[in-house]
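Undergrad: These came from TrEMBL, pasted as-is:
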COMPBIAS  541-564  compositional bias 'Low complexity'
COMPBIAS  582-614  compositional bias 'Low complexity'
COMPBIAS  627-637  compositional bias 'Low complexity'
COMPBIAS  760-771  compositional bias 'Acidic residues'
DOMAIN    676-1099  domain 'RCC1-like'
REGION    1-32  region 'Disordered'
REGION    527-652  region 'Disordered'
REGION    747-781  region 'Disordered'
REPEAT    674-730  repeat 'RCC1'
REPEAT    731-812  repeat 'RCC1'
REPEAT    813-865  repeat 'RCC1'
REPEAT    866-923  repeat 'RCC1'
REPEAT    924-980  repeat 'RCC1'
REPEAT    981-1049  repeat 'RCC1'
Amino acid sequence: MSPHAVSLVGDEEQADVATRDQTARQNVSEHINGTTKKSLLRPYDEDELHDLVCVGFGPASLAIAVALHDALQDGLPHLRTHQPKVRFLERQSRFAWHPGMLLPGAKMQITFLKDLATLRNPRSQFTFLNYLFEKNRLVQFTNLSTFLPHRVEYEDYMKWCASWFEDVVDYDRDCVSVEADHKDASTGSVAGFRVTSVDRKTGRQSSIRAKHVVIAAGGRPVIPDCLPSSHPRIIHSSQYATSVSELFRGGRQPRSVAVIGGGQSAAEVFNNIPSRFPDAKVCLLIRGSALRPSDDSPFVNEIFDPQRVDQIYAQSPDVRSREIANDKATNYSVVRLELLEHIYTTMYSYRLQYADESQWPQRILSHRTVTGVEDCELGDEPALRLHINNSSDISADWQKPTTETLTVDLVVVASGYRRDAHEDLLKGLRDLMPGGGGDGQRWRVRRDYGVEFDKGSVSEDAGIWLQGCNEQTHGLSDSLLSILANRGGEMVQNIFGAQHAEGANGHRSTAKKAPATKAKVPVTRVVPKRAAAEPKKKVAKPATTTRKAAPKKAATSVTTAATKRGTKRKAEDEAEAPPAKKPAAARKIAPLKKPAAKKTAAVTKTKAATIEKTTSTRKKQTEVPVPAAKQPAPKKAATTRKRKATDEAPAAPAKKVKVLKKCAVINEPPIERLNVYVFGEGSAGELGLGTSQKAIDVKRPRPNFNLAADKVGVVQVVAGGMHVIALTHDNKILTWGVNDQGALGRDTTWNGGLKNVDAAGDDSDEEEDDNGLNPKESIPGEVDFSATEVAEGARFVQVAAGDSCSFALTDDGRVYGWGTFRGNEGLFGFNPHTEIAHRPILNPDVKKITSITAGANHVLALDSNGAVFAWGSGQQNQLGRRIVERTKLEGLKAREFGLPKGAKKGIVSIMAGSYHNFAIDRAGNVYGWGLNNFGQTGITGNAGEDDALILKPQIIDALKGKTIISIEGGGHHSLCATSDGDCLIWGRVDGNQMGIAADEIAKMSDDAVIKDDKGEPRIIRLPQKVTAIQGAVTHVASSSDHNVVITKEGKAWSWGFSSNYQTGQGQVEDVEVATMIDNTATRDVELNGATTGGQFSIVTAAAME
């Protein structure tokens, strides 16, 4: 709540409140008869200090206005004695909602019950039903038997609501900045803000002061880089209905039109053009193979429920991003089934009328990607010539799609919106960000939508709030209409008081995440004014409910033949403050000097019955899968151990860093230099390609010249979820990617400018333009060991990457790590004394280690006696020992557990999956343990049960008698390579993880396959050969839902989830069957290793001397 709400009350305001209370009781009956249309919000002079100023007056701000009116009417306790001073600043000349898409017949995509009030307070006068009643259409509307009103009618409903608030809205006001206005005299904290705007009619600039500012400025249309951002004949779909008539006046019509996009807006424009321009021919250009329907089924629609925000925000960044990516399939690049069927029927009618498809008035051209445009003439009229890549003939050379041109009079682009207006508006407040606010730092947003500032820099009763630009942290509904009613109530609650009743869905969010409680009055959901950046509430996610556990993958490590993997992680709301200052006497580890080595074999040689020490690491992450039957009850935020007050690493000592005594050398480092090829999604710098435009979406393997073998000399590389770690020939450790929670082990604060390449107004067509990435994250950089106790002359021999953590092993068996682990409820800690390690820390609990491997949030280490140690988060029993809620933090201490050890029976190889593990003993027995809800451990007893866990390591009977030379654990599946060259795989089926054709799976025995209620294969419980692979497999790598394997001939094969090109096959559709990766960069190269991250992959080859 806002303490200032009471302190600012004066005598005049007391009179205002008394008048308001009297009129409020009349309002409910009066508005029904249409005798008044005035809200309870009252205007005040601009020079007065306002309680709240909203930048933008679209649906999000309108929902806040409605909720505040209702709160005043219902008597929110802290508003009973205070008339709030509120102002809305809107750029448009009047209220309008997507006027360019108000097409005849176009319907809403959500039910009218998700209006501006009903889900929060169905008794509000601002419900859609009351609007219909006011307009005398309620009875007639019910006769339509629909929940989906026409878009034109719904916009009129919102205009009707907006008309109540004319007194407190300033239209034609273009906001240019939000800055600190004044500070509290006693604390020095910012106690208010100044919003500066320009009157678009007069050009006059003015400012208004406020305690709180909500930024709800909406989205800016995005024009792809391949097209000019400003061209009279290239328009965004949001301008279509309002602009196209201006382009073609006096009865003129376009002869041909190109619509670019595969979503609802593109389909609506495509469907509308024949009625608007009957003589025009129109082509719809889509990247995929066909228009796809939206999923409006009830279970899927729960992703738009209000409580989904809590569930999404509580997840770790990597799980959160994967969940959102899965959710996007319901709302991005999809079309409502009714419209889709209408378009198909129209296409069918053309087949009956025309002999040749080129004569059709409307055509859908699939597998098309526009690469450029130029002005030209069609007849004597100006026109545009589009340059297009056509990859529809997949039987041809996929690496060289055919090119074609299309000449049109008009191009309509339906490419979505960029929602980053707050970045420009808040530039003047960046120095208040946690950590100082370098230009590359992103704003962090709390669960309650409040911007997080540096501790003590902003008063508790002041704040900045963001609306409609938080999809990456709050979920898919953030920019949609679905939860506006609830969110409007939350914002009123956050700003004006915490004593109001809960919302209609009856659950309350508090800083300590109290259990859900039922509300007495369904008015608004309650969220605390200051929620923690990482909620402490546990949100259990059954691992069996979604098609894909995670659309992005976990990671694998690459050295020669052995691999490991990691998981995807990180979101911009979790960037940490820089570490404490370094000691005066800094020291670097001496570079490793070694004679030139002869080229060695690409694949690590193995004994007949065992695997040699692993030389790489990896890990993966799916959603943090808490089995349904074992979900812990919510508990208070307090833990059973002491932590630091902040997330920063302990301050470095002022004295010189201690140099450890070198122990006996027990490990040798790899020496073969590698060429590194990357592919997949690089939007967070995961590919290490730098700040070029070409560093984002890499469809097929591309050499990473930042890791050139002759200059850098990488000898091992391991992918984590959204970061990568590499070891070089001269004893350096390099990292790149996302640095949330210190995963990179170095300072990546960037003082350079952040350019938004898709921002409106950027008309550059250069492919090499800056992509806006932080170069200190997107370019490989050396890990900072200057403040770490390391033995003189220590050499690193192996690296491993987890979800938000990294590790390095030395030649004398010491293990160093940095970053943090995450648990089901969020941040878990790195060791018993440190929550986040921003720089490398020695783990004193393990010694004489010969191999390390990291899962999503845990680590395994193998010592010279064949004993295995585990530490990290063990909530899925991946540590091999029972973990209970009360003692879960004991998992941060490395401990040995129930595996054989010793010279005769000990373990010789270890491998960590996301939440399960494998170990191989000297006799060749393979052990599995951890999460088993899809049979991923290979243990068949409880495979497929929702709460299936293998508490202690068990021998995998199905692998007895087989010599395993490489094994990998994915998110919900696993695979291995045998000495016979076979690739065996088992686990989850429904995401194309198996690489086996559906008809082949259908022929498998009932013992081998577990089916769902519909009789569809769900789990392969017994290892099956991936028969499509040609050649003997020597190395396997796996992430959550995609896999890459290397054959003896040096070829890479991949399959699985491919939405970010992580399979290297140049397509976003899933790759069902194992397919060889074939492109110019790697066609004549003998590959020897692979590692997979959340949404990207890496393959390596021995560098030629």
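The backbone N, Cα and C atoms fix where each Cβ goes, and this holds for glycine too.
What does the local environment look like for each feature on the list?
TA: This prediction places the mean pLDDT of the domain 'RCC1-like' (676-1099) at 91.
Here the repeat 'RCC1' (813-865) is broken down by DSSP into helix, strand and coil counts: 0 helix, 32 strand, 21 coil.
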Undergrad: By DSSP assignment, list the helix, strand and coil residue numbers for the repeat 'RCC1' (866-923), in that order.
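TA: Helix, strand and coil residues of the repeat 'RCC1' (866-923) number 8 helix, 19 strand, 31 coil.
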Undergrad: For a three-state summary based on DSSP, what are the helix, strand and coil counts in the repeat 'RCC1' (674-730)?
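TA: Across the repeat 'RCC1' (674-730), the residues distribute as 6 helix, 27 strand, 24 coil.
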Undergrad: When secondary structure is assigned with DSSP, how many helix, strand and coil residues does the repeat 'RCC1' (981-1049) contain?
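TA: DSSP classes over the repeat 'RCC1' (981-1049) add up to 5 helix, 30 strand, 34 coil.
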Undergrad: With DSSP as the reference, give the number of residues of the repeat 'RCC1' (924-980) in helix, strand and coil.
TA: 3 helix, 25 strand, 29 coil
